[in-house]
Amino acid sequence: MPSPGLLVLFGSQTGTAQDVSERLGREARRRRLDCRVQALDSYSVNFWRFIFRKNLPPTSLCQMDFAVLGLGDSSYAKFNFVAKKLHRRLLQLGGRALLPVCLGDDQHELGPDAAVDPWLHDLWGKVLGLYPVPLDLGTIPAGVPLPSKFTLHFLPAAPRVCSEGQRVAGTDPQGPPSEQQPFLAPMVTNQRVTGPSHFQDVRLMEFDITGSGLSFAAGDVVLIQPENAASHTQQFCQVLGLDPDQNFTLLPREPGVPCPARLPQPCSVRHLVSHYLDIASVPRRSFFELLACLSPHELEREKLLHFSSPQGQEELYSYCNRPRRTILEVLCDFPHTAGAIPADYLLDLIPPIRPRAFSIASSLLVHPSRLQILVAVVQFQTRLKEPRRGLCSSWLASLDPGQGPVQVPLWVRPGGLTFPQTPGTPVIMVGPGTGVAPFRAAVQERVAQGQSGNVLFFGCRLRDQDFYWEAEWMELEGRGCLTLFTAFSREQERKVYVQHRLRELGPLVWELLDRQGAYFYLAGNAKCMPADVSEALTSIFQEQGGLSGPDAATYLARLQRTLRFQSETWA
């Protein structure tokens, strides 16, 4: 019999699922089990489409044991929907479930770990019952660091390296721009579009995409690869005792393991830290586990071990997650440990900087060879002295094309919104705040194609502070190309939001949806607004359509199922 193998497949947008999967891989290696950890989108088949093929026999997976772990947020309507659906499907195909599906919840005061920890404990009990650790080898103790994934081979002299632009984007583009091969787009404008006294700095940014091969439609998104602030890069190198100008080559320890495609060979320490290591992110528990293994300092190691234990989770949450303390700040708090980290472990310890997605706010039909986005610069205060800043939005806001050429690595992918191509189909778009960005692209595109029936509900705080593209909307309304309804929440004693305006205009909304076959779109903050808008719609269906409560809910569900109700929301 071949040695038993675990395959861990993950789908990860924020990196949490990848982190838990890599934790599973490490724990498997400690138990002497072969384990392959792989992203679903790099798997040899289109996993989701394949697993739901109707012609798969019900005995397809009868020799497979499986366990499904979902990571979700219970404030969303379809909490862990994908995990539940996958668990059911694997059972239908004959797979044996080792455990009930695990439903990690971001809303729990300790985050998803509150559900994940006990589930993993039970999982290893089941796995080791099937595949015990060989007696002659034994389990590798938790305090002993596993070998690093890569070794950094430092070069004695600084060889000639190619320019920054080539190093980020490569020199021989193959096909359209992608994460491995982004397009370095010159920034044309970076303009603040909120009033000077407004609490939030929102920017309209424009990029020149001439010669990029990029094409996009309304509803698509652009992904941008940000970098760390120069001051943070310098501070990190100081705390770890690294020379930013030293060059190295990266070598995988195991055959068949590729080096990260985004890192050049050779690479400088400065490039690794500024362009690749996410030192401004809030560290996960796995960071503290590895740091404790590497720490030579008794007091610091004791604290790190406590933070990485199940008993220390409340204290870790209070120290790290609640105030949004960054990896760099944690390393500064544990200076003896930081100064002793072997360079080989940097890529195990610190996750890569993930690209950020922004709705494209312009149409190629109106702005050929240009791409525009609306960026809210993220900044907020916690109990820490330094304000918390969004990595990508702060980096973008700091770029000034007026001071010289500025290039931003980017690529495009389809978004969650698709607009009807049938002439004469009306669209109702609800986009409060920066949620209006994809609808500007849609309105521009539809007007350029001669499509009428464009209805936009826009909400913001104050007409003179954050009414994005006011002049453009007014001009289009004057030409009869757009019907605009606004909600300025802070201009009267009672706050008025887009859902209130929808209810007021119930007869029009019902007429467009039920009689004219309109499509309904929603974009913006995921906190309360989507639920409030859905509630407003079901009220309209009852009041204007005479439907009962259950029938109104069914009507809304049918709109969603047939893609006549689409939403794109973010936390």
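Any Cβ shown, glycine's included, is placed from N, Cα and C.
What TrEMBL annotates here:
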- 12-17, 71-80, ASP106: FMN binding site (BINDING)
- ARG324, ARG356, ALA357, PHE358, SER359, GLY390, LEU391, CYS392, SER393, TRP570: FAD binding site (BINDING)
- THR434, SER489, ARG490, LYS495, VAL496, TYR497, VAL498, GLN499, ASP532: NADP(+) binding site (BINDING)
- 1-124: domain 'Flavodoxin-like' (DOMAIN)
- 180-421: domain 'FAD-binding FR-type' (DOMAIN)
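Mapped onto this structure are the features recorded in TrEMBL.
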residue : record               : Cβ contacts under 8 Å, 6 or more apart
GLY15   : FMN binding site     : PRO351, ARG354
LEU71   : FMN binding site     : THR16, ALA17, VAL20, ASN80, ALA83, GLY104, ASP106, PRO112, VAL116
SER74   : FMN binding site     : ASP105, ASP106, GLN107
SER359  : FAD binding site     : GLY219, VAL221, ILE373, LEU374, GLY415, ALA437, PRO438, ALA441, ALA523, GLU568
LEU391  : FAD binding site     : PRO226, ASN228, ASP278, ALA280, SER281, ILE353, ARG356
SER393  : FAD binding site     : ARG356, VAL375, ALA376, VAL377, VAL378
THR434  : NADP(+) binding site : VAL202, LEU374, VAL375, ALA376, TYR468, GLY524
ARG490  : NADP(+) binding site : ARG461, LEU462
VAL498  : NADP(+) binding site : VAL430, PRO432, PHE457, PHE458, GLY459, ALA487, MET529, VAL533
Note: in the chain of ARG324 (FAD binding site), residues six or more apart in sequence with C-beta under 8 angstroms of its C-beta are VAL282, THR382, LEU384, ARG388
If one looks at the chain holding ALA77 (FMN binding site), which residues at least 6 apart in sequence have a CB under 8 angstroms from its CB? PRO530, ALA531, SER534
How many Å separate the two farthest-apart Cα atoms among the NADP(+)-binding residues THR434, SER489, ARG490, LYS495, VAL496, TYR497, VAL498, GLN499, ASP532? 19
Work through the binding-site residues one by one (SER12, ASN80) and point out the residue whose CB has the fewest other CB atoms within 10 angstroms. SER12
Same-chain residues at least 6 apart in sequence whose Cβ lies under 8 Å from VAL496 (NADP(+) binding site): ALA487, PHE488, SER489
Over the domain 'FAD-binding FR-type' (180-421), what does the predicted model average in pLDDT? 94
ALA357 (FAD binding site) and ASP532 (NADP(+) binding site), distance between Cα atoms, whole Å: 25
Cβ neighbour count (10 Å, all chains) around ALA357 (FAD binding site) is 16
